[in-house]
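Asker: The structure under discussion is supplied below as structure tokens; questions concerning it will follow.
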Amino acid sequence: MPTSPARYSRSIDWPTVLIYLLMVGLGWLNVYAASYSPDAPASPLSTLGFQDLMAFNWFKQILWIGTAIVLIVILLVVDYKAYDTFAFVLYGVMIALLVVTPFIARPIAGSRSWLEIGPVRLQPAEFAKFITALAVSRYMAGINLRQQNFRDQLVLAGLTLLPPLLIIAANETGQALVFGAFLLAYFREGMSPLILLILAAAGLILILALLVPKLWLIGAFTVILGLVFAFNVRVLRHHLVLALSVWAVVVGMVFGVDFFFNNVLQPHQRKRIEVLINPSADPLGVGWNVTQSKIAIGSGGLAGKGFLQGTQTKFDFVPEQSTDFIFCTVGEEWGWVGSMVTIILFMALLARTLYVAERQKSVFGRTYGYCVASIIFFHFCVNIGMTIGLAPVVGIPLPFFSYGGSSLWSFTTLLFILLAIDAYRKQDLERY
Amino acid sequence: MQYLEGRKYVVQAIFLAVALVFATRLFYIQVLDGSYKLAADRNTLQRIVQTPYRGLIYDRKGQILVQNTPVYDLMVTPREVKQLDTVRFAQLLQLPLEEVRASLKAARAFSRVKASPLLQNLSTPELAAIQDNLIDFPGFSIKSRMARSYNTHSMAHALGYVGSITPAFLEKPKYAKYQPGEFLGITGLESYYEEQLMGRRGVQYRMVNVRGIEKGAFRGGEFDTLSVAGQDLHLSIDSELQAYGELLMQGKRGSIVALDPKTGEILAFVSAPMFDPATLSGKGMGNRYMELLNNPERPLFNRPLMATYPPGSVFKLVNELVALQMGVVLPNTGFPCNQRLVRCTHNHEYPSNVGIAIKNSCNPYFYQVMRAAVMRGRSTNRFEDARLGLGEWRRQVMKFGLGDRLGVDMSQEKKGLIPSPDFYDKRNGFHRWNYRTVYSLSIGQGEIGITGLQMANVLATIANRGYYYTPHFVKSVGQGGPLPQFRERHTVGVDPVHFEALIPGMQAVVDGRGGTGNLASLAEFGISVAGKTGTVQNPHGDDHATFAAFAPAEDPKIAIAVFIENAGFGGTSAAPMAALMMEKYLRGNIAPWRKRWEFWLQGPAEKFVRHR
């Protein structure tokens, strides 16, 4: 350790730590409520042995939180340069682990992605997030995205895409989608905004293609494109080929949606998107989750039913109520007020993360900071979105709230590596 | 590189936009849209309704008529049915295979997870026959409930029946609290007193989880209520008299209504053809109902309330009373038996006063009585005079409870018809009709229509010398006496002295020499009967016989109206039948030497008709 503990602790970004603790604390309360059973035999906890207590998710979550705090101390004590130095090594190890996992893991809930080490189950995909973030930040520090060096961009794309491909192979599509979040970090570091725009447009066209009859969509698009060029005849002359190719791509996409939908997506994934558009399409299957989740949240009202008073979550109407659908307990028991507190906490954490990222001197630190914010944001977006029927049901947890060791540890690591880097930045300043 | 720093605002904007979308969406589903709260209650709240014990029905003498016995429904939960051997199952139930298949299909269509009745109303022995074997058929269970059982074979029309609620009932606001599959009174007293008989449902709210397993009371039972048993009904009907009336009416069509004039209580209420009330309860009730419904004799038709006939000569009493009250005739006014006005059915002495006229049922006499009451010379135009006069006459007649519902404690009651001037204006044209058009009313023929109940009530009014209580079946609801509207005395606006002038004539009908109702005499027991025969002209077939009377004339205890369809002259069949009923009620039994009248009355109505 390069300096005294007292001086070091002063350089830690305490607001982030505070927000983190609040989220984990509230998360635990909701995990407790979600796993609380009103008619369970009320034997005093003191009479229960460790084995009995391990049957309760809320008790295990205490263990995960405790170990996460130990983890934090370790992360902060490790020399920040280690993250920089060992980024690629970690990346290599992680890739190796992702490759072997499907072969040595037992299938759990349809995917072979959990490694069992004694009583502890780990999901390497969870840890792939921060390790990939470290690796791409490290690589980013050595290149300049703006300089259009095609080879560098290709390597970066490869670094980013390799883990999700391996994760998809292990049938954990939800975790793989998270890697799309890295685009926001690349955008901050100079990636052309056109890529974001094209992706956004492509997403919009895909959604519209599912909602609106195809010929209408193509007709409307042709008219708009025609109008744009009709008013700029000069532009048309210069960009006729571009205009025609854009038109062709869009038409291709519109018709490609069916192919993508029916041939690329797996049946359960197709269902999830169908259900998003029309929840009554599969009322007792995937639609059940969405409907019940909305009912649980919607029945919370303004101020909620009160702690431990939720009925929809407690009586198992909502599936996965302490992991992926933990937000239902928040919404049902704490109402709109509780939902807003959660959203505000996430916004505060994201804002603070961006703030911390921006004050980094190194490209490595800043890129990593943006990766952290983007990954957390993606989880926030998709997880809450799916519980209120705005996003397809994708099995990813709500950071710091959802029950589970792997997810808590990986998000803790993700966040506190940033705080470690940030803390040493100040040390560096003081040194000079 | 510095310009890239501006991109942080783009990233922040994206974050903020998503947060705002979420906040708005959450505000909408959590605060604005109430449907999710209802859906949540539907999910978790199970409403368990405790059906209260339905009130019992007793007769006038405290004898129990209708009670509750346990019956069993065979329920099926389609999801739990495993590898059903339909053939064996149908054998066990002793039902045709197709019927079992159709019922199973209907149950599946209702719900796969909820139990629905496959076979209803099994009695205890029927249950015993199948219960032991049910263990081989998973998914089938037995649910017990209470159903009506009867201690009497008579008065089905008055009692009505209890059945499971139909969609038509469910739509009425009165039955808003009923759930499909619940039972309620469909007709008769069971229906009219549904609220009192039903009692109050107990409701318990239980919370259930996603698998339907109970998770305790909702909010500690704050909203739960206990059921309150229904109130008993104590009828004014004398079940012995009732059964006797039904015996006498066997094989005929018509009605008998007997009232206690002092209270308006209905003592007997016979509608023929009749059926056993147990027909409409128990297993196979639906099929039996259809049989009754399709029977050409129309046994379900509640004749005393719904069949309106011209009253025939009995109406002459009302006609006379109205004219006396108007002061246009006096008791000793005589009119010639002028056969040119209207045919008189038999030759008789000169009707020099009302008594002689009634005893002989002289048609021309009452033609002239009504003409005196209607043609008052209020207008020089005889058409207008008839219009004005008929309107006034009708108002007075209607005070006797005619031409409108009496308000008995049973729905289905018909109004009958006392035609108004408007009625004739519409039919014949304004000023296109006069007294010659409407004179049939004076002898109770023509357009006029009254029900058996109304006729009995007219006799009760005469017995009381000018007032009546609305006829009713129920002496007491629980311990509380009759409904308040049945304690109210209705006067008909005719002075008692006019009744005193009339009643001796009615006594002479029965006991006078050559009276038309001699067969109704109970003089041998010292009971003076005051009555009036009637023969209702029937364009569709043989005339209907009626007889209406009360007894004893000085202190009336019973007023009775008998209608026998297609039995010809009222004095032949209706009069002796009324006499037997009154004897039975007043004396408790029929004297042995009078049993021959029972024999005389047996058989179809045709035997009483003398075909010319």
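Positions of Cβ are set from backbone N, Cα and C atoms, glycine also.
Unlike curated records, TrEMBL annotations are generated automatically.
Since this is a predicted model, take the numbers as computed values, not measurements.
When I checked TrEMBL for this same protein, it listed these features:
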- A:12-35: transmembrane segment (TRANSMEM)
- A:55-78: transmembrane segment (TRANSMEM)
- A:85-105: transmembrane segment (TRANSMEM)
- A:165-187: transmembrane segment (TRANSMEM)
- A:194-210: transmembrane segment (TRANSMEM)
- A:216-233: transmembrane segment (TRANSMEM)
- A:240-261: transmembrane segment (TRANSMEM)
- A:334-355: transmembrane segment (TRANSMEM)
- A:367-394: transmembrane segment (TRANSMEM)
- A:400-421: transmembrane segment (TRANSMEM)
Asker: May I ask for the residues of the chain that lie six or more residues beyond the transmembrane segment (A:334-355) and have a Cβ under 8 Å from a Cβ within it?
Answerer: 13, 15-16, 19-20, 22-23, 26, 297, 300-305, 307, 327, 369-370, 372-373, 376-377, 380, 384, 401, 415, 418
Asker: Quick test of the contact rule: Cβ under 8 Å, at least six residues beyond the ends. What residues does that give for the transmembrane segment (A:240-261)?
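Answerer: Same-chain residues near the transmembrane segment (A:240-261) but 6 or more away: 202, 205-206, 209-210, 214, 217-218, 221-222, 225, 229, 270, 273.
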Asker: When you scan the chain for residues with a C-beta under 8 Å from the transmembrane segment (A:85-105), skipping those not six or more beyond its ends, what do you find?
Answerer: 112-116, 124-125, 127-128, 131-132, 134-135, 137-138, 159, 162-163, 166-167, 169-170
Asker: Sort out the residues at least 6 away from either end of the transmembrane segment (A:400-421), same chain, that have Cβ-Cβ distances under 8 Å to it, and list them.
Answerer: 12-13, 16-17, 20, 23-24, 26-27, 30-31, 34-35, 57, 60-61, 63-65, 67-68, 71-72, 75-76, 78, 80, 83, 120-123, 126-127, 129-130, 133-134, 322-324, 326-327, 330, 342, 353, 356-357, 360, 364-365, 368-369, 372, 375-376, 383
Asker: Any residues 6+ beyond the ends of the transmembrane segment (A:367-394) with a Cβ under 8 Å from its own?
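Answerer: Non-local partners: 83, 129-130, 133-134, 136-137, 140-141, 173-174, 177-178, 180-185, 188-189, 269, 272-273, 275-276, 279, 286, 289-290, 293-294, 297, 324-325, 327-328, 331, 343, 346, 349-350, 353-354, 356-358, 360, 402, 411, 414-415, 417-418, 421-422.
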Asker: How about long-range neighbours of the transmembrane segment (A:165-187): same chain, 6 or more residues beyond its ends, C-beta under 8 Å?
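Answerer: Tertiary neighbours of the transmembrane segment (A:165-187) are 95, 98-99, 101-102, 105, 110-113, 123, 125-126, 128-129, 132-133, 136, 140, 145, 156, 193, 195-196, 199, 269, 367, 370-371, 373-375, 377-379, 382, 394-396.
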